[in-house]
Amino acid sequence: MGRGLHVAVVGATGAVGQQMLKTLEDRNFEMDTLTLLSSKRSAGTKVTFKGQELTVQEASPESFEGVNIALFSAGGSVSQALAPEAVKRGAIVIDNTSAFRMDENTPLVVPEVNEADLHEHNGIIANPNCSTIQMVAALEPIRKAYGLNKVIVSTYQAVSGAGNEAVKELYSQTQAILNKEEIEPEIMPVKGDKKHYQIAFNAIPQIDKFQDNGYTFEEMKMINETKKIMHMPDLQVAATCVRLPIQTGHSESVYIEIDRDDATVEDIKNLLKEAPGVTLQDDPSQQLYPMPADAVGKNDVFVGRIRKDLDRANGFHLWVVSDNLLKGAAWNSVQIAESLKKLNLV
């Protein structure tokens, strides 16, 4: 089945929602009806899709009557309230928030890694955290060939991961500082938290709120989601997540330990050359390596700077970059929808 699909996009006016619409159009995703939904505040907004002007409607339980696939990206509270209502009315929900990711009955899917988990869905499929998606997509081919027992990651994440308001704050702060004007941070690192810091010309080692164990919620998302997606509950994972003053594109320095001592850098490169959804950019002699500015607007995960650890024969270092609004959100969601069609699950 594929014809006659009715697709709804919830959060259609947000950064990720806009990218979802662009991705659906770019992929020529086959459907008969597209419904755009948002909060009451954004209802009435006009959006163009494939040359046709559509009006965004206020999301309600009744909005999902007749919907086959609902792509959610309007915040966790909206997903918690409306995703079950969509499922009750027969829709399959692909949710881009953290609301259901660690629910044991909800598959958490990166199609290049665990597409088969889609068979186990009960109406809701969770899209992982942006920084998790790009990392596991890069690590899965290595894990399949050589095993994996440890992952240590430091992330360098773009401001767009915190939403449109954060991007506007980056722009306004940058302009103010260049003009030697005073700034009053209001959003970063966490809107509504006790303190706010300058993001322009700065690096903030906090993404989301701190937990009792000293890790941030973002770091714990990476740790727990990686184990779930890879079906490796005993995998050792540690993460440090940092916000940088760039608009789009997350970068990650990843250290891994595999189960064998005999793998070479060339072995790892050859695996990644053939990996779906991965582009290898790694030639130190030509200063070729991934950078976020080059990844913007592209669906792939880019990997480079692959080195064998100098002390541990089973250790490797990688640099992983991706567009956080595409593979980290919109493209992975649409990929899941495409997989549902391919597997005849919708």
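Cβ coordinates come from backbone N, Cα and C, glycine included.
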Query raised in the report: Here are some residues: Y146, Y156. Which is flagged as phosphotyrosine in Swiss-Prot?
Result: Y146
Query raised in the report: In Swiss-Prot, the NADP(+) site includes T13, G14, A15, V16, R41, S42, S160, G161. Which of N324, N332, N344 does it also list there?
Result: N324
**Report entry** Candidate annotated as phosphoserine in Swiss-Prot, where the set is S39, S98, S131
**Finding:** S98
**Report entry** Alpha-carbon spacing, C130 (active site, acyl-thioester intermediate) to H250 (active site, proton acceptor), which is rounded to whole Å
**Finding:** 8
Report summary line: Near Q157 (substrate binding site) (Cα-Cα within 10 Å), the recorded positions in question, chosen from R101, Y146, K221, H250, are H250
Query raised in the report: Around C130 (active site, acyl-thioester intermediate), how many other CB atoms lie within 10 A of its CB?
Result: 28
Report summary line: Here the Cα-Cα span from H250 (active site, proton acceptor) to R101 (phosphate binding site), rounded to a whole number of angstrom, reaches 20
Query raised in the report: Taking the Cβ of Y146 (phosphotyrosine) as the centre, how many other Cβ atoms fall within a 10 Å radius?
Result: 20
